[in-house]
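Asks: I grabbed these lines from Swiss-Prot:
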type    : residues                                                                : note
BINDING : VAL18, GLY60, CYS61, GLY62, LYS63, THR64, GLU65, ASP249, GLU315, ARG387 : ATP binding site
Amino acid sequence: MTDFSPREIVSELDRFIVGQHDAKRAVAIALRNRWRRLRLEGSMRDEVLPKNILMIGPTGCGKTEISRRLAKMAGAPFLKVEATKFTEIGYVGRDVEQIVRDLVETAISMIKEDKRKLVRAKAELAAEDRILDALVGPGASPPTRDSFRKKLRAGELEDKEIEVEIAQGSGGAMPMFELPNMPGAQIGAMSLGDMFGKAFGKGGKPRRMSVKDAVEPLITEEGDKLMDQDVIVREAIVEVENNGIVFLDEIDKICVREGSRGGADVSREGVQRDLLPLIEGANVPTKHGVVKTDHILFIASGAFHVSKPSDLLPELQGRLPIRVELAPLTEDDFRRILTDTEASLLKQYEALMRTEGVELSFTPDAVNALAKIAAQVNSSVENIGARRLQTVMERVLDEISFSATDRFGEKIEIDAAYVEQHIGDLARNADLSRFIL
């Protein structure tokens, strides 16, 4: 769990996301409160519940990006899901309890990754021994093994083909099966796979591959042998229960509008009802054990173009007490997105062209022109936020991207006149913009 202060979290988010200060503050405080709660003693720790957040704002204003960046910073189990992917329990499809199951799997992967780093040195030695067994045989004399070990460490044997037996599923997740009209059917399928795996020793058939390709799978397999899987699962469940964060995107799409009560609307309302106990706190059975959701933080977000937050079930509104409105992006915001963010679009295109030996640069007036056109098209056609910049940039740089291979060593400067020439007329014609931009 990260121990960043709220100010540090906001500062980190500022590196990648322009504006939306209220939303950044809300998630920063929520994240810090997780850290504060873990430092409380006894019953008080159980009483302090997370204050779930509802982010409201038009598409492309930074809601999902805030969640993506927060996931990288949190150092905690984090899951982003679309509310539209779920159906009411009893209907065909995934039920909302799958959120908790997926969160547990995420936590297990995180903890395994951390523990693999701790045992990597031992795992590398064990993997090296298995590669040597495949190269010279287990009965080879010590001098022969030492000779080949030196060559292996020097990288001289990387292209050599060997036959090794790697357990199925080593380093990867077991395939999951969906059974229609059976809530939680994925668990049954996974458990069945586990049972057969244990019964038959989870052995894999011998595979031929180069030494270079065999190294990582063997290190992963040997590392897994050195870890206690039961301890990992227990730690993962504790981590999910205390630090888990779920980002529920597109929650406005499961709203039931006033006066509308069709078949699909009934199902949407059912998903909301199923979410209530999950957000309030429930015991969810998973293949690894029961998980309590009382202290999982839920951050919901939606554009609410057609519906409004009050169209959500009153009980669900009550379980999302902190509301944050994200402002639509202005021309000035677009300008800052193009220049101020750490991996801005301009830097990305310059780096891409550099791989072809082309030095691409943008003048300040070109940046102003790009921002102005993006804002104009958003206001006249459909406001899709920062995503409009990508469409505009692709259109402006279409010719350069296509011919870059033939222009090695050239220096190309994009100015306002170039932008106007390639996209100006298109942006001014609202009918054309509707279809092309």
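From the backbone N, Cα and C atoms, a Cβ is placed for every residue, glycine too.
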Asks: For the binding-site residues listed here (GLU65, GLU315), which one has the lowest count of neighbouring CB atoms within 10 Å of its own CB?
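Replies: Relative to the other binding-site residues in GLU65, GLU315, GLU315 has the fewest Cβ atoms within 10 Å.
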Asks: Taking VAL18, GLY60, CYS61, GLY62, LYS63, THR64, GLU65, ASP249, GLU315, ARG387 as the record's ATP-binding set, what's the max Cα pairwise distance in Å, rounded to a whole number?
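Replies: For the residues that bind ATP, the greatest Cα distance is 34 Å.
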Asks: Go through VAL18, CYS61, the listed binding-site residues, and name the one with the sparsest Cβ surroundings, counting other Cβ atoms within 10 Å.
Replies: VAL18
Asks: Helix, strand or coil: which one is CYS61 (ATP binding site) in, per DSSP?
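Replies: Reduced to three states, the DSSP call for CYS61 (ATP binding site) is coil.
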